[in-house]
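Annotation comment: TrEMBL describes 42-60, 72-90, 102-125, 137-155, 161-183, 195-214 as transmembrane segment.
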Amino acid sequence: MDSSSPPTATSATRRARLNAKAFVDEPGRHSWIGGRSLGNPTAFALGAFATTITTLSCTLMEWRGLTTANAFIGNFFFIAGIGMVLSAQWELVRGNSYNYTVFSAYGMFYGGFGAILTPLFGVSYTFGDDTIGYNNALGFFCILWTVFNTFFLLGSLTTNIVTIATYTALEIYLCLLGASYFVAADGAADTAVTVKKAAGAFAFIAGMLGYYSMGNAICEDQCLPSYLFPMGDVSFIG
């Protein structure tokens, strides 16, 4: 086919589908509903995700002796729990069901994580001195979210390299974090800390990739050069 030929319906449909799934839009593109242009909520949601998981990763890796994430409860509840979920609703309005699902899920995940850490909810109080049961419960919490994230990872395979890498890092982070709780329940405290720090490293990677994706989304929305934050083409897949 000549390069000047118009795109086929199939290629146009595929391009629209990939744009809806890749966390970003075409440069300067906005959704139009009822004759009005809607802004792009993606950049904020990505920044909220990145900030929340990066601060948590510092705790998991115990940087500067930090061992508790209670100081970041505000991030869990507000920037992620509220901010990401609100952004997700606008993704749904704009027709981006993939982004809606992802942002809603992770907003609620971190909201739930914040609830576990908040004394008012009495989660740890319920277990009392049963640290084995508490650690096992947290292990199952993380492992089931690993399963949830697996479907996001599968859905990302037709988006771009950065998005695929983000979900891969999240998959490993959640799996290792769940494993660290199970190891702690088995009484191997030192090993549990080592596994937890490894989980934190992958969480940190996911956070940095989240910031990178946010940079790309802002550049696309403001019509800045896309080469500033290239996402990596995977159009050869499928």
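Every residue, even glycine, has its Cβ placed from backbone N, Cα and C.
Nobody curates TrEMBL annotations by hand; they come from automatic prediction.
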Contact check, the transmembrane segment (195-214) vs the transmembrane segment (137-155), 3+ Cβ pairs under 8 Å, seq sep 6+: no
Folded-back contacts onto the transmembrane segment (161-183), same chain, C-beta under 8 angstroms, at least six residues removed: 22-23, 60, 135-136, 138-143, 145-146, 149-150, 152-153, 191-193, 195-196, 198-200, 202-203, 205-206, 209-210, 212-213, 216, 231-234
